[in-house]
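Okay, structure first, notes after.
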Amino acid sequence: MKSIQVPIILVGFMGTGKTTVGKYLSDLYNLSYVDLDNFIEVNECKSIPNIFNDIGEKGFRSLETRYLKSCLNTFDIISTGGGIIEDTNSLKLLKNQKHVVWLDCDIEIIFKRVKNDSHRPNAKSKNLNQLDALYSSRLSRYNEIAFMKVDSAQSVSEICTLIKTKLLSD
């Protein structure tokens with residue numbers, strides 16, 4: 001049987017299910033997994049909102065790029081933060097990866113998932129229109145690096161089946 005090539009990098013806007021899908025894929029295929037935001041928090045001993053407060057978004061993006069680089073050689077599956085494509089260095093790293101999977105769904109679904117989540121500094125206190133503007137500003141960059149795009153409004157098992165089928169046919 002053909003094996004799945006790694007790393008598999010999950011990208012997409014906040015609230016599209018990258019962490020959930022990453023964990024599920026990891027368990028399903030016995031592959032190593034890391035949630036990049038969580039990895040940053042553990043290594044920096046601070047929450048993402050506190051990092052944003054201390055060094056700003058630009059400083060956070062620089063940290064994120066550094067940690068992405070180290071995770072690419074260490075983990076089989078990586079779920080990234082939604083804004084990873086905001087940094088040109090991260091974007092370049094991702095462009096050089098073969099299996100970047102873009103999870104996407106309707107902005108109304110995303111809004112329901114992320115509103116009132118204090119752990120998301122770029123969503124906190126944004127209304128639907130403001131979140132949609134941020135979402136829209138990122139779409140072309142997700143598209144630029146994606147090996148495949150998956151509608152994450154489906155069940156996690158359906159999403160993982162689609163990803164597996166595409167990866168095995170590649």
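Glycine is no exception: its Cβ is also placed from the backbone N, Cα and C atoms.
Same-chain residues at least 6 positions away in sequence with a Cβ under 8 Å from that of THR20 (ATP binding site) are, in sequence order, VAL156. For GLY15, THR16, GLY17, LYS18, THR19, THR20, ARG120, GLN154, the entry in Swiss-Prot reads ATP binding site.
For THR19, the entry in Swiss-Prot reads Mg(2+) binding site, with the evidence type sequence analysis. Around the Cβ of THR19 (ATP binding site), 17 further Cβ atoms fall within 10 Å across all displayed protein chains.
Here ASP37 (substrate binding site) comes close to ILE48, THR80, GLY81: these same-chain residues lie at least six apart in sequence, with C-beta atoms under 8 angstroms from its C-beta. Look at ASP37 (substrate binding site): DSSP puts it in a helix. The annotation substrate binding site is assigned in Swiss-Prot to ASP37, ARG61, GLY82, ARG138.
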Most distant Cα pair in Å, residues ASP37, ARG61, GLY82, ARG138 binding substrate: 18
Inter-residue C-alpha distance, ARG61 (substrate binding site) and GLN154 (ATP binding site) (nearest angstrom): 30
DSSP three-state assignment (helix, strand or coil) for GLY15 (ATP binding site): coil
GLY82 (substrate binding site) CB neighbourhood, other CB atoms within 10 A: 24
C-alpha spacing of GLY82 (substrate binding site) relative to THR19 (ATP binding site), in angstrom: 11
All-chain count of other Cβ atoms within 10 Å of GLN154 (ATP binding site): 14
